[in-house]
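All remarks here apply to the structure that follows.
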Amino acid sequence: MAAVGTEARGAWCVPCLVSLDTLQELCRKEKLTCKSIGITKRNLNNYEVEYLCDYKVVKDMEYYLVKWKGWPDSTNTWEPLQNLKCPLLLQQFSNDKHNYLSLVNKGKAISLKDNNKALKPAIAEYIVKKAKQRIALQRWQDELNRRKNHKGMIFVENTVDLEGPPSDFYYINEYKPAPGISLVNEATFGCSCTDCFFEKCCPAEAGVLLAYNKNQQIKIPPGTPIYECNSRCQCGPDCPNRIVQKGTQYSLCIFRTSNGCGWGVKTLVKIKRMSFVMEYVGEVITSEEAERRGQLYDNKGITYLFDLDYESDEFTVDAARYGNVSHFVNHSCDPNLQVFNVFIDNLDTRLPRIALFSTRTIYAGEELTFDYQMKGSGDISSDSLDHSPAKKRVRTVCKCGAVTCRGYLN
């Protein structure tokens, strides 16, 4: 993966020119605080358990090797169990040990013996990696929530493997135009409605129906564009025709899947059918650039290119490096999300915004998916398949597991 650029590095990222241990040691010597590397006023001279690294029994006394928060590994110390007031970390240590044994003894009965005098080095190494992963994912979660501009919270979870945050992904809230592409095309007029449900509002001016009912659910068929009220409209932010621009209202979790699909997204709350869930955003590039990038993505077996082919095929959205939560939504041949084209301030039909709405009630804990071959048409006929040159050269195997699975993503 490419290195994180200085201009895009999140607040939790640490420059790799100097090790974290060295930075922490320098800060402590100079009595300086630095929140991004864990040196705060609270722990500048105090010790706080960050995680537990190892375990042993000496003369019937249990000891844990402690990593102190904000202190380098060289200061780790063995501490008796009776001195540790961190029940959550002790439980995590025990769970990680059990998980490791479950992995190495897959399919076999496991008998945990708590009277071992010391952990095997491989177990201790795994426990430390899990602890570091947990910290990294928490920092990433905090960073995502700092960057988002919508109501719904973002959570991160990995109980499957040791994979940490992606090193070459940058969270954005709206399209990022590639050099040479302009997204500035503001609406020239807006409505003056007092009630956008009953008056001649923006959709009527565009020659289409109002997209939503009074329950904020979409009522138009797939393939029909959505025209929301824009910045020139006199209606306020509570207007019932401003659903997509309000952003994601649901708490979602980016989680590591157990079926080999990498990261996925699940909802933590119930989502009613026909409700707006999220936008698909990324870097807007030309179709020629999509062709070039597609060759690289084919070799990696990834698919992040989304053709903006509402009326033309000049532009494509690439969410491989820049995107929001939708970057992590997996494909399914039997999806619970549907694609719609949306126009708000930018009315250029070559550059619609892409919104994902629920096709049915989605329950808490359920993974969110959409069909990568659907372009808002509502069917899977040959006309609706994505024939982007960037995606059609190499066939990517589908892992959705649906009864109606077509076998391939493209």
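Including glycine, each Cβ sits where the backbone N, Cα and C put it.
Since we're looking at a predicted model, the values are computed, not measured.
The feature domain 'Chromo' is assigned by TrEMBL to 47-105. Note on the domain 'Chromo' (47-105): mean pLDDT across this stretch is 93.
If you look up TrEMBL, you'll see 189-247 marked as domain 'Pre-SET'.
Counting only same-chain residues at least 6 apart in sequence, those with a Cβ under 8 Å from the Cβ of Cys201 (Zn(2+) 1 binding site) are Cys191, Cys193, Leu210, Cys229, Asn241. TrEMBL lists Cys191, Cys193, Cys196, Cys201 with the feature Zn(2+) 1 binding site.
Here TrEMBL flags Cys191, Cys202, Cys229, Cys233 as Zn(2+) 2 binding site. Sequence-distant neighbours of Cys202 (Zn(2+) 2 binding site) (same chain, 6+ apart, CB under 8 A from its CB) are Gly190, Cys191, Cys196, Tyr227, Glu228, Cys229, Asn230, Cys233, Asn241.
Using a 10 Å Cβ-Cβ cutoff, Cys235 (Zn(2+) 3 binding site) registers 21 neighbours. Per TrEMBL, Zn(2+) 3 binding site is recorded for Cys196, Cys229, Cys235, Cys239.
Annotated domain 'SET' per TrEMBL: 250-373, in sequence order. According to DSSP, the domain 'SET' (250-373) comprises 18 helix, 49 strand, 57 coil.
The 10 Å shell around the Cβ of Cys333 (Zn(2+) 4 binding site) contains 20 further Cβ atoms across the protein chains shown. Sequence annotations record features per position, and here TrEMBL assigns Zn(2+) 4 binding site to Cys333, Cys398, Cys400, Cys405.
The feature domain 'Post-SET' is assigned by TrEMBL to 394-410.
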| note | Here the 10 Å Cβ neighbour count for Cys229 (Zn(2+) 2 binding site) comes out at 25
| said: Quick check: with Cys196, Cys229, Cys235, Cys239 left out, which same-chain residues have Cβ atoms within 8 Å of the centroid of the Zn(2+) 3 site Cβ atoms? | reply: Cys191, Cys193, Cys201, Cys202, Glu228, Cys233, Gly236, Pro240, Asn241, Arg242
| query | Looking at the binding-site residues Cys333, Cys398, Cys400, Cys405, whose Cα is closest in space to that of Cys235 (Zn(2+) 3 binding site)? | reply | Cys333
| task | State the Cα to Cα distance, in Å, between Cys333 (Zn(2+) 4 binding site) and Cys239 (Zn(2+) 3 binding site), rounded to an integer. | result | 35
| So what sits near Cys400 (Zn(2+) 4 binding site) in its own chain, CB-to-CB under 8 Å and at least six residues off in sequence? | Asn330, His331, Ser332, Cys333, Asp334, Thr369
| Reported as an integer number of Å, what is the Cα distance between Cys398 (Zn(2+) 4 binding site) and Cys239 (Zn(2+) 3 binding site)? | 40
